[in-house]
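Participant: This structure is in structure tokens; I'll ask about it shortly.
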Amino acid sequence: MLESDSRSLAVGGAGAGLILLLTLPSIFGTLSHFRSSKVKPSVYEDKDGVATDVSIANYSAKIPKALLAIFTLFGLFSAIALAILSTLDSRMVMFLDNWLNVAQWVLILVQTAVILTVRDTVRSYALGVYTALSATILLSILLFQDQLITTNSHARPNSVELGLRSIQLFVVVLSGFASVCIPRRPDVYYAEKLVDRMTTVSALSKYSFSWIGPLLALARDRKRLELVDLPKMNHLTRSKDLMNSWSETKHTKPLWAEIILAHKFPLMLQWFLTLVQAFGNVAPTFVTYKILQLLEKRVPGQTVGPEAWIWVLTLTLTTIASAWAESWLYWISWSEIALPVRAQLSTLVFQKAMRRKDVKGASAKANKKAPGDDGAPTDTLANAAVTDKPEVVEDDSDPKGKQSTVNLIAIDAKRVSDFCSFNNYFPGCVFKLTVSFTFLISIIGWKSLLAGFAAMSLSLPINIYFSKRYSDATERLMKVRDVKMAVVTEALQGIRQIKFSALETNWHDKIGKVRETELTEQWNVFVSDAFLLFCWITNPIALAATSLAVYAWLYGELTPSVAFTAIGIFGALEVTLAVIPELTTYLIDSWVSIHRIEKYLAAPEISENTSDGPNISFEDASIAWPSDEEKVDGDERYVLRNLNFSFPPEELSVVSGKTGTGKSLLLASILGEVDLLSGKINVPRAPHTLDRHDDLATRANWIIPSAVAFVAQIPWIENASIKDNILFGLPYDEYRYEKVLEVCALKKDLQMLGDGENTEIGANGINLSGGQRWRVTFARALYSRAGILVLDDIFSAVDAHVGRFIFERGLTGELGVGRTRILVTHHVALVKSKTKYIVELGDGTVEHSGLVKELESDGTLQQIISHEGAEINDSGSATAINSEDSSDGEGETLLKVDSKKKDAKKFIEDEAREEGRVKTAVYMNYLKASGGLPYWSLAVASFAAVQVLITGRSWWLRLWTRDNQHTSMTHAFTYSFQVHSMAPNFTTSSNPMFYANSSEIPDHPLSYWLGIYVGISIVSALIGTFRYWYIFTGSIRASRRLFDELSFTVLRTPLRWMDTVPLGRILNRFTSDFYVVDARLANDIGFGANNVFRLIGIMIAGIFVSPWIILLSFVLLTLCVYVALQYLPGAREVKRLESNAKSPIFEQFGSALTGVSTIRGFDKSSIYISRMFSKIDDHSTSYWYLWAFNRWMGWRMSIVGGFFATFVSIFILCMKNIDAALAGFALSFALEYSSTVIWTIRHYANLELDMNAAERIIEYSNLPTESLEGIDPPAAWPSEGRLEVTDLVVGYAPDLPPVLQGLTFNVARKERIGVVGRTGAGKSSLTLALFRFLEARQGAIYIDGLDISTIKLQALRSRLAIIPQDPVLFSGTVRSNLDAFNDHDDSALYDALARVHLLTGTNTPESATSNPNKNTNPFASLSSPITEGGLNLSQGQRQLLCLARAIVSRPKIMVLDEATSAVDMATDALIQRSIREEFGDSTLIVIAHRLSTIVDFDKILVLGEGRVEEFGSPRELWGRENGVFRGMVEQSGERGELERVVLGKTSE
């Protein structure tokens, strides 16, 4: 017993030392507790959040602490009793060991005492974990001692000793459990929302993923989860905290290295768990090997010894421990690495976007592709959907376009974060290979293993080649996805123009071409993937067959323990080796993405190029629009040179000049949004946002003299209420707010809106008219605290009396006076009375500048006014009549819709979400799209065939490894059923068949067994590869069809739907959802089906051992299904929330990129970054819970699966006559049960969650479209352009009142009609009815005698033309915008440009000058690039280009909707003349603000409240004493001039 005692003492001493170490934190904690003089705060607070009084009151650790104390005392007393007994009774063994146990219990009692006294919840939780570790060590020591006692034949323990030892074992387990049941802290709250409870609950709840159980139960009961139901993230995942920690350190290394350093601790833990998992994976196979060895040695009919049962217990423990390590590995990978990395990269990109130069010009690389004047390459540009986009021509690894920037967050950040989550597979492969090889060499020897690897290496060249192909195809695929996103975005942004011009089919084809390129690349990825899968399937077969063959040849036999263990390890290696090529492709993908992000983050930022000064002044400054490229030859940016002037502070200054002379550029320079080429710009330095203390602002300190407010050339409005847009984050001052509404003439508009100031505005103010948009943005500037107002032309879209009102009451009224106001305008005469300083720009320089008094005295002012004034309007006060409104399509009418509703209605509805499981119809739709019943029948057959071959291969191995006493295949069936038949006396020993069959088995050479084994393997490899390739073909087919249906429908949905759905929401379908459908669904289906058939195979293999196993597997499968049913409702809901949470990120990003100059002008970047934080956090939260739910399920499944292998082992050991070969066959499958069940359910869950993408796509594909019915009109229709409107009644929706009520008027051919009327009169409704965006409820519109409601929409819209106030241009070239489909020659296009005065005699293509200081006219070449939205042109140039486009198409009926509002008046007058000349053969309907534009027309149509107020010639209407038209003329500031034109016109 001495030897036992010494071993026991050594173990006991070591254990006591370890427990003492674990007790030290308790001792030090107590000492520091007594030393500390700090008063403990009454409220618990940490980095995650703050506890509330309620949560502190609800926190209680009394029960676990009390139980811990009771169990520890109980254990100590039983240990003391045993030690005293062993002291008194000399026959009892382990006298010293028992006293050592007492010492160990005393140490645990010390730990318990400290836990009871410590008030710090987090410390008591940590000490509880140490106590649990101590209890685990003590349990191991007690078990070791008990084993020594039971194996000692000299001294058997008496019943008292046995009882006391059993009590200790039992109590130490309970103590351990009690110590991990102490909750860590009270619930904490962040921004008044509960923080996730993972670090709140006890260690037991945390490490078993039980803390999310209540949330799953909530989802199951309610069948729905909302974002508010999900607790907030902890500080390790919140984007704001991540950003703060990122900005605390300097980043000098490459981005990938910085990310690794920022997340080094989770990455180290991830790698450590990977190492643990490498051993955990091999452990069950090692245990199987030991069990099979025991069975080989056993004499048939004998029972197995106790050693076998210890191995069964070990199998259970290793399986469960390995599953737990794997669960935590996955959890760490996603929750602590992938999610924080993605959030961090997203915020970095967004922050950069807020600081990056706002580059509007096309890149120099794109310019080089468009040579000067010959325009040769534009055929390809116009025809190829891909190449008419400058941002596509440029290097795709350098994202510049708005959409490419959004892709950085949508795709690149995700790819990098995904790779971070499974980067550990690389070291994991090394760990697993090392452990597996070590084990294999010990079983089959190095020669066999080497031979196997030699055979496997034959596929290496194929692997390398297709890995390269895969990565190349993926890179191309990413680029095409960028192109597709840009084309789709452009189509959606320009949808009004597309619909007005009936270009849906053309754009559908254009998008289709890019999509086809994308699918071609996706197919290339799939083909490469199929070959990689082939390598994955064949490698382990080659390895196994060669290794076993060489082993059998070397040793002359193949035992079951060797064969089945080796096969088990080869199977594990199969996944390990297969992952390497795929991982390499993921590594390359994320490498490309991280470099794209890094390149974006390194791009030039807005620099401090203005100097602090008392007022805004320019000293010899030369400025150009920003460029992020080095200065190159042929830099075609527009440059303003040699600027020398100073704007007087607290006064009104005006900037004027012809269209395209750089007025907006000058304003941008004040904001610092330009490249300063030379000289100096002085601007008073504004205080930082945080130093303004807006929340403390009062009327007395409201104005900050150096702060800036900006109204851009294109009014930028957010998707928020009118009130929120005006307040723009400032506190509400009732007097100031009401005053702003009054002076911006918004009160009447708000009365018309049902919800008044709370009316929600769509993105970019889509549901406001042009004038309303301008006035809301001006109101925002007036309400602001800025002492400097920088205003682009606020008068262009409002009529004269409103313009005058805004000027007098707003700009120079109470709220404007005393502020420095710099205004760009063409209406110099209107504003000159109160203007202090004027700057007139010419071609690239200042024509005139100076104080108004000085310029007036030397006659220059009159000259400036004459430049601005139109020929017919020398008073300069251009008058308009449309009461601050113009229609830009649905415009004001949407307001009317709301105005009639009593209840507040959201303009942008919340995104809809399906409920419950994905509907069967969605699955059927997808299955049908991918090939239907014949296709899927063959797919199922191929999966079934592979599983039959795999099971057959293992069975063949079982036959091969049997010896002469082993049963044949025939007998295996009879044996298994007879042994377990209900007849008790019927056994194998009495069955004569047993001997008959075994005696008939002939001996076969190795080549026979090996040949058939390899034959089966090759066939299974070929069919195995074919089935994946086959699934990929169906996936491409389904993707093509679903995309085609979606783009067809979305392009043809009613305009109102397009206006009320944010762009990001639609883009989410076209990008993220199709990424899932294209790339992931095929794998979900393929691998899912594979696992289902594997599961069936495992159950069938179990039958060969015992029919009871099938019963057992069904019981366990039922348990697994139960777990899955608890999991799926929550997972489905969270997945849908995650899909929906992506859209707001894209919308916010897109909106902020559009309005970046306004945001920066107001110095609101930090507010938008905070907003982005919350949207990213919403997405992170839903993704976090998706993974938390997944781990909750995975861990529970693993436990159930672990028991399957245990039960099969028990069955095998209980059966006395089973041979080792059959046992090996059964166990090799049984060990797979756990992972197969988990993966089957995981793939089903993934399939259901990914089908959510198909569901969202199909939802939009089934939207109602505009009418596709009708007749084709005659080819030459309309030949005259006659228009008859009879008793027309239209409304916006069946349940809304009509907006046009009985409209009747006739327009003869070639007549020019001016339409006037105040806001809400129905002007835009008339336009929409003419183009059938609104269908007639009553009455009709006839064009050339044909009722337009009877003809096809496409035919109608293609024969009419409209030029909206908001010009829509598409990226490409001047040519592609004028003539998108190459119907006209160059001379016709140049002619059209000349007629709208974009080309003059001095800058026609033939006379393009080469003077380096002369700005190039972008219209001199048809190949000049136009960027996304035409943003490299001024607003006026865009309007003129749209007019030129209409001139090219020469329609018979033309609608001009305030088409020249942003053009200077001299140019406008010239254009009006061009229109009269060019459209002399067309019927013209013009909605205008300037009465001078339409006063000489044939007829004027005055509308009021949807009815015709007056209709007749100007002379006729002038003659009506109290007529509406006459009243308008009299109210205008140019009555004399207009009267002269009216009377002059009629007297001719």
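Heads up, the Cβ atoms here are built off N, Cα and C, so glycines get one too.
Feature annotation from TrEMBL assigns transmembrane segment to 12-31, 66-87, 164-182, 268-287, 308-325, 424-443, 449-466, 933-956, 1008-1030, 1095-1125, 1193-1213, 1220-1241 (among others). According to TrEMBL, the domain 'ABC transmembrane type-1' annotation covers 272-589, 1002-1249. Marked as region 'Disordered' by TrEMBL: 361-381, 1402-1421. As annotated by TrEMBL, domain 'ABC transporter' applies to 616-868, 1283-1530.
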Participant: Would you report the average pLDDT that the model assigns to the domain 'ABC transporter' (616-868)?
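Facilitator: Averaged over the domain 'ABC transporter' (616-868), per-residue pLDDT gives 83.
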Participant: Output the single range from 268-287, 308-325, 449-466, 1008-1030 maximising the number of Cβ pairs under 8 Å to the transmembrane segment (1193-1213).
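Facilitator: Between the stretches 268-287, 308-325, 449-466, 1008-1030, 308-325 has the largest tally.
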Participant: Can you work out which residues elsewhere in the same chain, 6+ from the ends of the transmembrane segment (1008-1030), have a Cβ less than 8 Å from its Cβ atoms?
Facilitator: 526-527, 529-531, 533-534, 537-538, 541, 544-545, 548-549, 552, 938-939, 942-943, 945-946, 949-950, 952-953, 956-957, 959-960, 1086, 1089
Participant: Residue list, the transmembrane segment (308-325) vs rest of chain: Cβ under 8 Å, 6 or more residues beyond ends.
Facilitator: 207, 273, 276-277, 280-281, 283-284, 287-288, 290-291, 294, 1195, 1198-1199, 1201-1203, 1205-1206, 1209-1210, 1213, 1234
Participant: Within the same chain, where does the transmembrane segment (12-31) have neighbours whose Cβ lies under 8 angstroms from its own Cβ atoms, ignoring anything closer than 6 residues to its ends? I mean 6 or more beyond.
Facilitator: 96-97, 100-101, 103-104, 107-108, 110-111, 114-115, 117-118, 123, 126-127, 130-131, 133-134, 137-138, 140-141, 145
